[in-house]
Each structure stands twice: as structure tokens, then as C-alpha cells.
Amino acid sequence: MAVIELHDIVKTFGTTHALDHLDLTVEQGEVHGFLGPNGAGKSTTIRVLLGLLRADSGTVTMLGGDPWHDAATLHRRLAYVPGDVSLWPNLTGGEVIDVLARMRGGLDEARREEMLERFDLDPTKKARTYSKGNRQKVALVAALASRADLYLLDEPTSGLDPLMEAEFQEAVLELKQEGATILLSSHILAEAEALADRISIIRAGRVVQSGTLAELRHLTRTTVIAETDRPATGIAGVPGVHDPEIHGNRVTFDVDSDHLDAAVTALAGLGVRSLAAHPPTLEELFLRQYGDEVDA
Amino acid sequence: MSAHPPSTSVTGVGHLLRLVLRRDRVRLPVWVVGLGGTIVASALAVPPLYDTPEKIAGYARIVGTSPVSYLMAGRQVGLDTLGGIVANEISQVAQLGICLMVVFLVVRHTRAEEESGRAELLRSTVLGRHAATLAGLVYGVATALLIGAVTTLSMLGAGLDAGGSLTYGTGLALLGVAYTAVTLVAVQLSTSARGALGLAGAAVAVGYLVRGLGAMEDNALVWLSPFGWAQGMDAFGDERWWPAALLLGFTALLLAVAARLMAHRDFGGGLLATRPGPARAGRLLGTPFGVAARLQRGLLIGWGVGLFLLGMLYGAVIPTVPDLIASNPEVADVLGASGRAAEDALVDAFLAYIHLFMAVVACGFVVSSVLRLRAEEEAGRSEVVLATPVSRTSWMAATTALALVAAVKLTVIMGLGLAVGYGLGSGEWDQVLPQLGGQLAYLPGTLVVGALAAALHGLLPRGTGLAWAAVALIALQVILGQLLGLPGAVQAISPFWHLAAVPVDDFEVVPYAALLLLAAVLVAAGLWGYRRRDAVAG
């Protein structure tokens, strides 16, 4: 069952098309990576899901309801972490966590303690004295300490150090094991690669690719590096091979995933001494997605 | 999960109100004690001052015919009773005070929260769409009722008529309620807290001025203003209650408008949309002064237009001041002069008060302008500027200089407004230089207040709120100083107390120069302090 279903969403601000016929589906129990550069529409999408913005057209279903009309009711079952957390300067971090949790309908005391411990956050400090990373931790603890069906995380780890980033990833995997659904907007690709079951890439208000990491990889190319007994001069003629570079007996090329078999067969005839092939990293996928568009 | 009752559009309002009270556990008592305390002190001060029938009759004769009193406090009935005198004495502070209180408090918890992004975090919880608006309404209404109750109790404590005390307190509270509704509409219209404060503040000013003009000319204009409706309940006179229905109807209408606007807009959005601006910075933006000027452009234009119109309005009524002598010959007796001399004396007294009043209003501008330094610092924006080769001294000096230069310009603008208004009202255009000179005679007081804000920013950043306390104290001294019988040492805290009351008194150069020097010393101290303290004070 889909927890989030956005279909053909358009949202404009004046002449700016923030969301341009966006489609996005997030299934029950998955961690869904929502990737895109700054200004692509990630936060706008999440604000539509929170019922803060009303889509100009299209249909939105979240947790079986309409986020604009049933916002407060649906919010009992979700938790949200913004990417740029602003807190009330004269409240302490602990007070802010309790305020948010109470308004959400209560929190798990044991989990609150555990999260404060794990994120190494001092809840007695006034919010005005927190650094950006610590403000972020306040919002994270407030969200993670409550038991929700759906977590909307909008660049939740901006400003966190690598240790905290690791804690965050562990906490998200625990939530997933408990059956929660997580929409994780990010531009930290390693984070998405480590956590996400499925990924959607958004560009200029439109989801341009969506699928599991394997599916996305399948759509693109594998990089092959090989040493052969005889120079692989003929490799350029194999369908699906791109950008071959031949230095003596060493050859490097990219090959469409569909044509990997033909390329390897061609190499085999030349006497393979060593062979390394790696699928594209998410970063390469991401850059290629944008690079292709720019070239076109 | 479905054990909860279904959510409504105001679900969560109780949580919000608790958050509001927690956040304002200092601010709210300061408002209540400051405004309520002033009202209590004023109410209790009147009976001992007017302890004989002759003194009461004297008040009715003098104040009851004063154009300044009409303009500032409206036409209060029952001035031949102690109750009427108390009501007349406190109404300017109480009415403006309660309106400004609800405007500031309601904007702080509605649009300011939305603009800061904190409300977004809250709206992700179980919170209805109208909960924040309703919380603002409940908070504004509750604080207005509180001030109204304090007022009624203090009048009863002063031994005044119970019916009149209750009517007056009710009218005052309902005025606060009406402006709570005005503010709730303003926060739907503007996307910024500053803009909402400007809109609601302008609505307070318009209501106050319309009532004042109507009272001065004694015409139906007073019935176009909520201030006029509250006063129209005729506390300590006939005591009629139907004007209360006007206030409540006006409130209900505006609340319906606010709810409708809220239901149809995006979070963070407003009706007055933000337009796209230039893609590149103009040449002016290359210097700290240019940046300060750009950041405060809206503030400068708003105050400039507002104070020019205020000056015009007051200028336009000057020619009607002598008419009061014709209608009430006793005024001439009081002034100890007659004919042309009495007319001139009355106009001079009127002008001296108007000049002083406008100079005090300009203090509000200069403090908010200088304290942009503190706001920039708290928001973390000044550290970005100071990370460039701009020095602390030049950053602070630029903003301070901008504020003080703007105060000079505004003083000229107020004087010109008075002269233009006078010219339009009388057809005589020979008042330009006297009005300019008269307004400039009070300039050093305004500059000292701005310099005090600069000194606090440099030396005591956590205490910059004291600059606002100084403005409040000065306003109190100007409006109520004589009534409260404040000792000279307290009145002397106000820089204006030292300046000659031009044109009633002759201009004195020594206090004028001394105050300018004091302003320079305060600014220098502020710059000195800012160079030595942490650039980002918590």
C-alpha cells in the first residue's frame, strides 16, 4: 500500500514553477530517498505533504488522507524534521522537544532519554546558544523520540558531524525495522545510498527517475577496466560501448548495462589478464542525470 | 492510533496558548505592570489633586475647552466630576497603550512565528489550520480584558462611581479586542512580521487621529473610529452601551475576514505578495552605509510618509485653535490675555505641545532604526558582514549614522508637514521657517534617545530593551508628568525636559548644545564598547 501518493502535482509561486507535474509514490515500510539539487522542489513537495502549501492541481494522498484538509488529523501519525531549524531563543532544547512532542500527542520517555544520549545533546541549554548542528539535533530528537507511522525528513543531517550522521543512519534503520515509512530528502548521496530502498530524483519540480538503486543502475552504464593480451582495438565497434580509452593493453570504457554481456564476450576473445567492473555510484548516476540533461 | 477524537481546524490551540504563556512569562507581566501600573497610578493621583469643587470646575473650564486635549484624548464627558477627569487624564495612554500592546503581542505569536519558520515545525504536529489565529485572538482578548479589569478596579480604588468605572473599563477592553481583530487581518495580509506591525500600527494611528480630528471639530468623524466608539459609551456621563455593539460587530466582521483569508492562503503566504527584485546589487550596496540604508528603506519611507501626514494634520488644525476663545471667553481669562495676544498664546501652547509630541513619536523611529544592529546580530546576519573586511566600527557607525541622519530628516519632514498643513488650512504660507525651527528645537532630545540605543548596543547588548523603556518613560513624562507629580529628578531623565518649550519660551542654546554633546558621547561609548565585546553576544 502506498503511504504517499502524489500525482501530477503543480505548484507555482507567481511565475516560478516550483512543482511541475510531479509524481511520487512512497510504499509502506520503505525508506525513500528523495534526491535533487537546491531549488529542485524537495522542500516544496514536503510542505505540500504537510498541508502547509496547497497544490494548484493534481492529487495528493498521504496516510490515506488529504494533507490539506486533514492536516491536523494526519499529523498524529507523522513526524517532521526541517533542514533549517529555527527555535525559540528563550526556551531550552529540552523544552522545545517536549512542546513539539506534546503537540504531536505525546512521546516515548525512554526513547527521548535514549535519543538525547545518542545524539549527545544537552537539553538544559537555551536554544539561542545552540549551534546549527545542535538545533538540528533538537528537531531530530523531537521527531525520533515520537512513535510515528511516517517520518518526513527534509535534509535532516545538515550541520551534523560524521559521528552524529552515523547515529542518525542507525536510528533510521531501526525505525524501518519497526515498520515505519521514511521519506528522506537529501543531497548527501552516501546517506541515501546507505539507507534508501528506493530513490526518486527530482529536477526542476519534476521526478525524472524513480526506482531501486539496482533499477537505476540498470538504466545506466557500468565502467569496465581490463587488461588483455592483445590491444582491444575492436571494442569501440561493440554496440552500447561508450568512451573507450586504449593505452597499450589496457582499456577503459563505459557500457550500457543491457550490453554488458556483449562487451565482456568481446574482451574474452582477446585473452583477459585482469578485469574490473563497477556499477555507477549514486553520485555518478546523479551527475549523469543532470549532465545528460545539460548536454541535451 | 484512531482512539483520538477527530481533529478540527482549531485542534491544538490549548498547547499553543501554553507555549505563548511560557514564551511571554516576562514580556506579558512587563506589559501588564507597565501599562496597568501607569493607569493605576494616574487614577489614584487625580482625587488628591482635585479635592475641592472649585478645582474640579477649573479643570472642566480649562481642559474641557483645550484643543490639545480634544485632539489627544477626544471629548470626554463628565469633566465636572472626578470620574470624568480621571478618564480624560488616562485615556491617551490607556487607549494607545492597549492597542499597541495587542498589536505587538498578537503579531509576535502569529505572523512572526510563521515568518521565522518555527510555526512550520508546529504545524507538522497535530495542529489545526486556524489554531494559531485562534490562539492569537484568545491571547489578545485576554490581555485586553485584563487591562480593562485593572482600569476598572483602579477607578473603583480611587473612589469613583461604580457604573462609570465599569463602563470605562469595558470600553477600553473592547477597543483592545477590536484592534486584536484588526491585527489578525493584518497578519494575513503581510508576509512579514514587520509589514504586519506596520499595517496594524497604521490602523491604530488612523483610528486615533480620526477620533482626535472629529473631537476637535466636534463632528461625526468620531463615529468612524473605534476610539470614538469606546469613548462614545460616555462613561461618567449618560453611560450608554450601544457603542459596545459597534465595537463587537466590527470585531466579528474582521474576524470573519481573517478566517476567510487564512483558510485560502498557503503557509507563509499573504495577500500582499512579495515581488521579485533586482538580480544585481545596486552601486549603493557596496558600503556598510549603503547596506544599512537598503535594509531600512521600508522603515524610512514608512516613517517619513507617516510623520509628514501627521504633521500636515496637526498643521491643518492650527488655524482653528483661536476659534475656541470666541466660543469660550473663559479661556482668555485663564491665559491672562485677551484678543490677539490670547490667540497667539493659545496657538503657541498648542504648537509647543505638538512639536514635543511629534519629537517623542520620532524617538520610536530612531530606537527601532538603531536597534536593527541588535536584530541583525541576533539573527546571525551581522557575523556574515563582519567576516568580510568591514570593521565593527564602520558597521556600527554606518547604521547609527543612518538612524541619526534620518532622525534629522524626519524632523525637517515633520516641520514641513506642519507648515504645509497650516498653509492648506489658513491659506497663509509664511509659517514654513517658524515651523521648521520649532520642530528642530526638539531634535537633540530625539538624537539623545537614538544615541542611548547605540550605547546600549555597544556596552550592554542584552539590555537593548532599556532603550524602549526610555521611550516609554519619556512618553509618560510628556503626557502624565504633571499629573503624577513626578519629582524633578525623575522628570529630568527625559532629555526633552531640559529643552526650552519653543515657541512659548525663548530658544536656549546651552541645553541644546549640551544634549548634542551628550548624544555624541553616547555614540562614542557605544562604538568603544562594540569594539571590545564579543561581536555575537547571546
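Glycine is no exception: its Cβ is also placed from the backbone N, Cα and C atoms.
Caution: TrEMBL annotation is automatic and unverified by curators.
Just so it is clear, the model here is predicted, and its values are computed rather than measured.
What TrEMBL records for this protein:
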TRANSMEM  B:28-50  transmembrane segment
TRANSMEM  B:90-110  transmembrane segment
TRANSMEM  B:131-156  transmembrane segment
TRANSMEM  B:168-189  transmembrane segment
TRANSMEM  B:196-216  transmembrane segment
TRANSMEM  B:241-263  transmembrane segment
TRANSMEM  B:299-318  transmembrane segment
TRANSMEM  B:350-373  transmembrane segment
TRANSMEM  B:394-420  transmembrane segment
TRANSMEM  B:440-460  transmembrane segment
TRANSMEM  B:467-489  transmembrane segment
TRANSMEM  B:509-530  transmembrane segment
Relative to the transmembrane segment (B:394-420), the stretch among B:28-50, B:241-263, B:440-460 with the most Cβ pairs under 8 Å is B:440-460
Ask   = Looking at the transmembrane segment (B:350-373) and the transmembrane segment (B:467-489), are there 3+ C-beta pairs under 8 A, with each pair at least 6 apart in sequence?
value = yes
For the transmembrane segment (B:131-156), the distant same-chain contacts (Cβ-Cβ under 8 Å, at least six residues beyond its ends) come to 9-13, 16-17, 20, 28, 31-32, 35-36, 39-40, 43-44, 83, 86, 90, 94, 97-98, 101-102, 105-106, 109-110, 113-114, 119, 122, 162, 164-166, 168-170, 172-177, 179-181, 183-184, 187, 255, 258-259, 262
If one takes Cβ-Cβ under 8 Å and requires six or more residues beyond its ends, the residues near the transmembrane segment (B:90-110) are 16, 20, 23-24, 27-28, 31, 35, 38-39, 42-43, 72-74, 76, 132-133, 135-137, 139-140, 143-144, 147-148, 151, 172-173, 175-176, 179-180, 182-184, 186-187, 193, 196-197, 200-201, 204, 207-208, 227, 230-231, 475-476, 479-480
Comparing B:28-50, B:196-216, B:241-263, B:440-460 for Cβ pairs under 8 Å with the transmembrane segment (B:467-489), the winner is B:28-50
Note: vs the transmembrane segment (B:299-318), the recorded stretch with the largest number of Cβ pairs under 8 Å from B:28-50, B:196-216, B:241-263, B:509-530 is B:196-216
Highest Cβ pair tally under 8 Å against the transmembrane segment (B:168-189), stretches B:196-216, B:241-263, B:440-460, lands on B:241-263
